[in-house]
Amino acid sequence: MRIILLGAPGAGKGTQAQFIMEKYGIVQISTGDMLRAAVKSGSELGKQAKDIMDAGKLVTDELVIALVKERIAQDDCRNGFLLDGFPRTIPQADAMKEAGIAVDYVLEFDVPDELIVDRIVGRRVHAASGRVYHIKFNPPKVEGKDDVTGEELTTRKDDQEETVRKRLVEYHQMTAPLIGYYQKEAEAGNTKYAKVDGTQAVADVRADLEKILG
C-alpha cells in the first residue's frame, strides 16, 4: 500500500501517519529524514545532497526523486510506504509519475485555517521532557506549568501565530494545487483519492481512515 498524505501543517497528518504505519505495516518516508540518512551514508546521491545543502541551496526535485526511488527499493518498503512532505508541488508530482512511482491512495486532511491556527498557537511545551500541552484542548493542571516538574512551559518559535500563518500561505500557494491534480489522477483511474474531515476527534479520523483503506 503506497500512500500520500496531503494537508496543511497542523491538520493532524503526523498523528494519523503513526496509526497507518502501525496498522498496515508500512514505513513512513519523510524527505527530511531521507536526506539526512543519505548524507550520513555517504552514498553518491548523499554526497550531491550534502554539497547542495552546504552551499545553502534547496535540493533539486530531480535529486529528491532519485532519493525516493532509492529509498522505496529498500527491503522495508516491500509492504508499501507513506510519503510525508512530498510531493509538495505539481512539478514534483509530475516527476514522481515520470519516474514510475505509483501511489494507491492520496488522503487529504481537510481543516479550516482558523482551526489550524487555534490548534498550533495554543500549544505549550515543556522543553526538557518534550511534553506538549494545549491551552484549550489539553491544558496543564496549573496554567503555564508542567504537570510533572512544575517548570515553566514555553511556546516554540514554529508555533507562533505569524509563523503559522506564513506556513499556511505557502501551503495554499504551493501544495494545495496538488488536491486538484490528484483528483484528476483518481478520475483517470491512476490512484484513489479521499478527503478526510480533520476537524473530528482523533479516534473518528482514525475510523474514517480504516473505512477508506480497508
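Our numbering is plain: 1 for the first residue shown, then up by one each step along the chain.
Here the Cβ of each residue, glycine as well, is placed from N, Cα and C on the backbone.
The ATP binding site annotation in Swiss-Prot covers GLY10, ALA11, GLY12, LYS13, GLY14, THR15, ARG123, VAL132, TYR133, GLN200. The Cβ of GLY12 (ATP binding site) has 20 other Cβ atoms within 10 Å, all protein chains considered.
Over all protein chains present, the Cβ of ARG88 (AMP binding site) has 17 other Cβ atoms lying within 10 Å. In the three-state DSSP classification, ARG88 (AMP binding site) falls within coil. The AMP binding site annotation in Swiss-Prot covers THR31, ARG36, LYS57, LEU58, VAL59, GLY85, PHE86, PRO87, ARG88, GLN92, ARG156, ARG167, and the record cites sequence analysis as its basis.
Taken from Swiss-Prot, the feature region 'NMP' covers 30-59. Counting same-chain residues at least six beyond the ends of the region 'NMP' (30-59), those with a Cβ under 8 angstroms from any Cβ of the stretch are 66-68, 70-71, 84-86.
As annotated by Swiss-Prot, region 'LID' applies to 122-159.
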Which listed residue (GLY10, GLY14) has most other Cβ within 10 Å, given these are binding-site residues:
GLY10
For TYR133 (ATP binding site), which of the three DSSP-derived states applies: helix, strand, or coil?
strand
Just the number: how many Å between the Cα atoms of VAL59 (AMP binding site) and GLY10 (ATP binding site)?
24
List the helix, strand and coil residue totals of the region 'NMP' (30-59) as derived from DSSP.
22 helix, 1 strand, 7 coil
ARG123 (ATP binding site): which of the binding-site residues THR31, LYS57, PHE86, ARG88, ARG156 have a C-alpha within 10 angstroms of it?
ARG156
For ARG88 (AMP binding site) and GLY14 (ATP binding site), determine the Cα separation and express it in whole Å.
16
